[in-house]
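S.K.: Input: one structure, supplied below.
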Amino acid sequence: MAESNCTQATEFSLTGFTEDPATQVTLFLVFLLTYLVTILGNLGMIVLIRASPQLHSPMYYFLSNLAFVDLCSSTIITPKMLVDFISEKKGIAYAGCVAQVFIFDLFGMTECFLLAMMAYDRYVAICHPLVYPLVMSPKCCFQLVTGSYLVGLTNAVGQTIGMSNLSFCGSRVIDLFFCDISPLISLSTSDTTLSYIILRTPASLFGVSSSLVVLLSYGAIIAAILRISSAEGKHKAFSTCTSHLTTVSIFYGTSLFTYLKPSSDSSGEDKWAMLFYTVVTPMLNPLIYSLRNKEVKEALRRLTK
């Protein structure tokens, strides 16, 4: 009966990180700089890849889409977080919360599969170089990228449907700096069994499958590199995937820690882990590829000339 008299939430409150004004100003400046670097880095990577003929290859086609995904996922979270740092009221409308859940889950799962497709691309390039142009044709690359976005869309629709079935009759304070589906389920006063199933099933299915592609690809790559007799050949083969391996390690490491760690009372620790996953990682990806990749540095040097 109480559930039937529940008024649908129209707004949520976000706790953010701290209430200290001086600390909030410091965090605002730090994350404003982080966001500007994220925008410039990812936009610069997209423009560089499109403008440089030597980067018109499958690996950089995937990388340009990864930069676009990082740009979008960061933009749905960081600007709102920056506004909250300098605002007295840290609130977000229900519609804005739904939008954050949808877009964050869309691009988060898309990035998982883009990284998996990039691992598969490196596997074909190193283990089957003779058939690489045939296997990783432009049509195939387009289909792989489109499939990644469709998987992300499927995940986002599922999470949004799960959220739409929740009722919030009690507290509407989200102990985080943006709307994520997990704390929303914890706040709900309705039966959350179905929502948990909708949350966990696609996330586990898609997350595990993309992780397996990465693990199997790099398992085969390492085995192929170990069979190379010369040290120079081993170094050359491994150098073609060091940037991607670094990106994969950061992304999957932070995401696994964020979503699979045992629940605890250390909400502050969870916030900082989520911050690194959602705000810092999109900034690091273009830096990793620009600093560790000789082809990108060479293309940038030619373009600046």
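Cβ from N, Cα, C; glycine included.
Copied straight from TrEMBL:
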- 25-48: transmembrane segment (TRANSMEM)
- 41-289: domain 'G-protein coupled receptors family 1 profile' (DOMAIN)
- 60-79: transmembrane segment (TRANSMEM)
- 91-116: transmembrane segment (TRANSMEM)
- 205-226: transmembrane segment (TRANSMEM)
- 238-260: transmembrane segment (TRANSMEM)
- 272-291: transmembrane segment (TRANSMEM)
S.K.: Quick one: mean pLDDT on the domain 'G-protein coupled receptors family 1 profile' (41-289)?
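M.R.: Averaged over the domain 'G-protein coupled receptors family 1 profile' (41-289), per-residue pLDDT gives 83.
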S.K.: Short question: which residues 6 or more past the ends of the transmembrane segment (238-260) have a Cβ under 8 Å from it?
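M.R.: 59, 66, 108, 111-112, 115, 118-119, 122, 125-126, 182, 203, 207, 211, 214, 218, 221, 225, 270, 273-274, 276-277, 281, 284-285, 288-289, 292-293.
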